[in-house]
Structure formats: C-alpha cells, structure tokens
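S.K.: Take this structure first; my questions come after.
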C-alpha cells in the first residue's frame, strides 16, 4: 500500500496540532465535572453530558439554567441554541468530507468540537487537494488529544469536586469560564454589538421565567449582529 | 434541595438525551442530511452570531448578581469578570483568560476578605 505513509503523516499532523488544546480542555472538563457535581448530578449523569453531548459551552448552559430552575424545554432550547454554530461547521466540512461513507460522517459529526473543527477547516483550506482518506486521517488525529481528554477531565472534576473547599469560590469558576469563551469571540463590531444586545436584553428580561428571557435576548442579539454586519458591508460598498 | 432533586432523574436524562440527539443532528446536518449544499449567505450571517448572542446574556446576571452573595453585587467577582474579559480580548486565548480571571478572583477575595 503506497497510501499508508501519507495517511499516518496526516494523522500525526492532526495529532500534533491538536496537542496544545489539551491545556484548555483539561481545566474546562474538570470545571464541568465540578459544576455538575455541585448541581447534585451523580457521576453517571455528569458523564452522560460529556459523552453524549460532548459540547462544553452548551453543557455549562444546561447546568446553569437547571440551577436557575428553568423549565425543561427552556434548558434544552437554550443549550441547543449555543450549538447552532455547529450547523455552520457541518456546512463548512461537507464539501471535504461529504463523500465519506455514512458511518464515518457520523463519527466526524459526533466529534465535531470547536477545536477540531477549527483545525480541520484550516488544514483543508491550506491543502484542499488532499485525498478524502488523508482528510479523515487528519481529523482523527486532531480528535485524539482533544476528545477523550474531555471525558477524563470531566470525570476527574466530578470525583475531585467534592474535595474542593468553598474558599476556592468555585461558584464563580463557571462565569469566568463563560467570559473566557466569549472574549476571543469579540473580534469585530458586529460581534460586539451582538454581545452588548445579549447582555442588556437578558438583564431587561430577567423578570421572565428562567431561560425565556435568555432565548429572547439571544434572538434579538443574533438579528443585531447580522444587521450590523450588513449595514457595515453596505456602507463600505458605497464609499 | 439540590438542582438534581428539583428535576428528578428521569427529567435529567430527558435533558441529556435531548441535548445529545439535538447536538448530533446539528453536527450531522450538512454532512449527512441535507447533502452537499452550501448554506445561503443570510443563514451564515445569523449563525455567525449564535455563540456571542447566547453566552453573554447567560453570564451577565451571574456576574452582576452572584448566587454566592445572595444576589448582591460583589467587588471581587466583578473585578475577576473584568480581568477575564480583558485578558481574553487581548490574548485571544481562553486558557489565559481563565487563569487571569481566577487569579484576580483569589487575590481580590484575599485582599477584600
């Protein structure tokens, strides 16, 4: 087989480029384990989140809204809204990985976390001519350091969480985690506008049942972001 | 009563399974279900802002009215939030932002008491 060498090269390239993300995933997963544990979820339930959902921001969203005693529908809606961006990831990867057999596409979909998507998207842009097998190998390589660590660190957080004294103010680790996810996203004026609308409207709607105000605020913020982008693009065209 | 007791085991599993299936469907959507069709430009324009539309609204009340202080604004936590955002915006790095935020939180809690 002449293909074995380039395939393993693609796999290890993905693996190497995925390695730095371990530094983010490990504390993140641990914090989720701690947060789930604090909410009274048992070990199987905490792991159920990380294995079946495998999407940090939406897992944190769900647990936070559950702590607010939001209705079940609102918990599910808000947490899924956080993941809407993954439809965009899916669309971006489809031209590259669409021809793969269904079970491989299903695996690609299951492991489609932010970090792996960002790596694969960049790699396929740089080298669009790679074979399908090489692209899949790269994807698998990028998943290897990132995804299993998510399960392991969640487990560690859930087990060790009980031992962490209240002086560590872990209640605030969750907001800090969210803010740390948001900050790098604030890279353009429309993103800033969307974030500002989201904050103001969520506070204005705070009197509504938990989760309802957030969904409304998010919808308005999305419109605000998209319209700002459109407005800026049109203004640029005219000048 | 803990959060888990409030919902009960069956509802918790309903939430986990609904999120698991829903998230998978979103991830599989264009790869598997709709075929290889490009997203229309207007849809992309909205999808770009989903994360930044949901997360700030979720976190704002947690920062302003923390549960640990019974909802009273807390200087240490406000400082920590500002530091997290500041480090995150400047470094564009989630890990540095978390470390900066937690360091500030512990320093401020220790100084303010």
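Every residue gets a Cβ built from N, Cα and C, even glycine.
As listed in TrEMBL for this protein:
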| type | residues | note |
| --- | --- | --- |
| TRANSMEM | A:18-35 | transmembrane segment |
| TRANSMEM | A:47-66 | transmembrane segment |
| TRANSMEM | A:73-94 | transmembrane segment |
| TRANSMEM | A:136-157 | transmembrane segment |
| TRANSMEM | A:163-182 | transmembrane segment |
| TRANSMEM | A:214-233 | transmembrane segment |
S.K.: If we skip the immediate neighbours and take only residues 6+ beyond the ends of the transmembrane segment (A:73-94), which ones have a Cβ under 8 Å from one of its Cβ atoms?
M.R.: 53, 55, 57-59, 61-62, 65-66, 108-109, 112, 117, 120-121, 124, 209-212, 214-215, 218
S.K.: Given a Cβ distance threshold of under 8 angstroms, which distant residues of the chain, six or more beyond its ends, lie next to the transmembrane segment (A:136-157)?
M.R.: 7-8, 10-19, 21-22, 25-37, 43, 46-47, 49-51, 54, 56, 97, 100, 104, 108, 111, 113, 115-116, 119-120, 123, 130
